[in-house]
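To keep things clear, I will list the structure first and then write my remarks on it.
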């Protein structure tokens with residue numbers, strides 16, 4: 001018998017938010033707004049970095065990578081969610097579900113790697129400013145971006161195969177708005193310990209290590225800033241980190257909450273679990289362009305000039 005000659009449903013049924021099905025129609029309105037803001041805001045930042053010479057610097061190249069990742073995550077999830085909420089079209093084929101699962105986890109891990117690269121950018125800019133231009137060359141920036149994507153692909157490539165090896169015969173109903181590895185594996189009528197162990201390994205070895213090194217970079221940044229004599233210089237240096245810190249919090253705080261509920265929240269209502277997952281995936285792509293537009297005057301100026309030229 002072949003490795004993948006096991007029972008799989010032809011399609012899954014997505015419940016959306018279990019227990020809140022009657023609210024799906026009015027929830028679709030805010031979700032449409034979030035989708036538009038995520039796509040529009042991040043596309044504007046991508047275009048601003050592309051056309052504005054003053055933004056051709058490492059910090060903004062990393063920001064454009066973050067915006068690309070946010071657009072990709074939004075496009076991988078929100079159309080399915082809106083189709084479920086607006087049209088009550090809940091079915092998704094087994095293979096499409098696998099692809100969506102891979103893309104969600106891939107771009108989430110890629111975003112974590114980009115946030116780590118951005119923390120390194122802030123570390124070099126503040127702790128070793130004289131070498132900033134020589135350390136973060138265009139080649140190094142491109143290599144860091146490709147490295148984040150390659151790490152995500154290599155680490156997550158086994159996930160679809162780990163699901164395909166499992167016989168799924170309990171149900172074809174996914175109590176979620178989209179397809180994720182933990183929810184799919186729980187439908188299996190076989191031992192899922194390998195999937196659970198690999199999922200925990202991925203969580204700790206990538207997201208956990210990224211967060212550790214981001215924290216370490218800010219410890220070193222804070223130590224360097226505190227050694228600066230001038231209070232004005234300290235505030236100026238720390239102000240350059242505010243946008244990145246907010247982006248890190250917007251990404252990791254919901255992720256830690258979701259991961260904790262996934263593994264330890266057996267008595268947490270299902271709708272709370274799904275709502276937290278939606279916040280984790282939908283909110284950062286909406287907040288990131290707003291954070292950087294509000295806190296970074298160079299971005300605001302570039303966007304203003306870009307729209308001014310379009311108007312003319």
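Here the Cβ of each residue, glycine as well, is placed from N, Cα and C on the backbone.
For reference, Swiss-Prot has these:
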type: TOPO_DOM; residues: 1-25; note: topological domain 'Extracellular'
type: CARBOHYD; residues: 5; note: N-linked glycosylation site
type: TRANSMEM; residues: 26-46; note: transmembrane segment
type: TOPO_DOM; residues: 47-54; note: topological domain 'Cytoplasmic'
type: TRANSMEM; residues: 55-75; note: transmembrane segment
type: TOPO_DOM; residues: 76-99; note: topological domain 'Extracellular'
type: DISULFID; residues: 97-189; note: disulfide bond
type: TRANSMEM; residues: 100-120; note: transmembrane segment
type: TOPO_DOM; residues: 121-139; note: topological domain 'Cytoplasmic'
type: TRANSMEM; residues: 140-160; note: transmembrane segment
type: TOPO_DOM; residues: 161-196; note: topological domain 'Extracellular'
type: TRANSMEM; residues: 197-217; note: transmembrane segment
type: TOPO_DOM; residues: 218-237; note: topological domain 'Cytoplasmic'
type: TRANSMEM; residues: 238-258; note: transmembrane segment
type: TOPO_DOM; residues: 259-273; note: topological domain 'Extracellular'
type: TRANSMEM; residues: 274-294; note: transmembrane segment
type: TOPO_DOM; residues: 295-312; note: topological domain 'Cytoplasmic'
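Taking Cβ pairs closer than 8 Å, the transmembrane segment (55-75) reaches residues 35, 38-39, 42-43, 45-46, 48-49, 103-104, 107-108, 110-111, 114-115, 117-118, 121-122, 125, 132, 136, 138, 141, 144-145, 148, 247, 281-282, 284-285, 288-289, 292, 298-299, 302 in its own chain, all 6 or more past its ends. According to DSSP, residue 97 (disulfide bond) is assigned to a helical segment. Between the transmembrane segment (238-258) and the stretches 100-120, 140-160, 197-217, Cβ pairs under 8 Å are most numerous for 100-120. When Cβ-Cβ distances below 8 Å are used as the criterion, the topological domain 'Cytoplasmic' (47-54) is approached by residues 60-61, 63-64, 67, 298-299, 301-303, 305-306 of the same chain, each at least six residues removed from its ends.
Secondary structure at residue 189 (disulfide bond), as computed by DSSP, is coil. The helix, strand and coil residue counts that DSSP assigns across the topological domain 'Cytoplasmic' (47-54) are 7 helix, 0 strand, 1 coil.
Sequence-distant contacts of the transmembrane segment (140-160) (same chain, at least 6 residues past either end, Cβ-Cβ under 8 Å): 58, 61-62, 65, 98-99, 101-102, 105-107, 109-110, 113-114, 116-117, 120, 181, 198, 202, 205-206.
Sequence-distant contacts of the topological domain 'Extracellular' (161-196) (same chain, six or more residues past either end, CB-CB distance under 8 Å): 3-4, 6-9, 11-18, 77, 80-81, 84-85, 92, 97-98, 100-101, 104-105, 262, 270, 274, 277-278, 281. Away from its own ends, the topological domain 'Cytoplasmic' (218-237) comes close to residues 119, 122-123, 126-127, 245 of its chain (Cβ-Cβ under 8 Å, at least six residues beyond either end). The list of residues near the topological domain 'Extracellular' (259-273) in space but at least 6 beyond its ends in sequence, with Cβ under 8 angstroms from a Cβ of it, reads 17-20, 175, 182, 200, 203. Residues 8-16, 24-25, 27-28, 31-32, 34-35, 38, 107, 160, 163-164, 174, 177-179, 184, 278, 281-282 of the same chain sit 6 or more residues outside the topological domain 'Extracellular' (76-99) yet have a Cβ under 8 Å from a Cβ within it.
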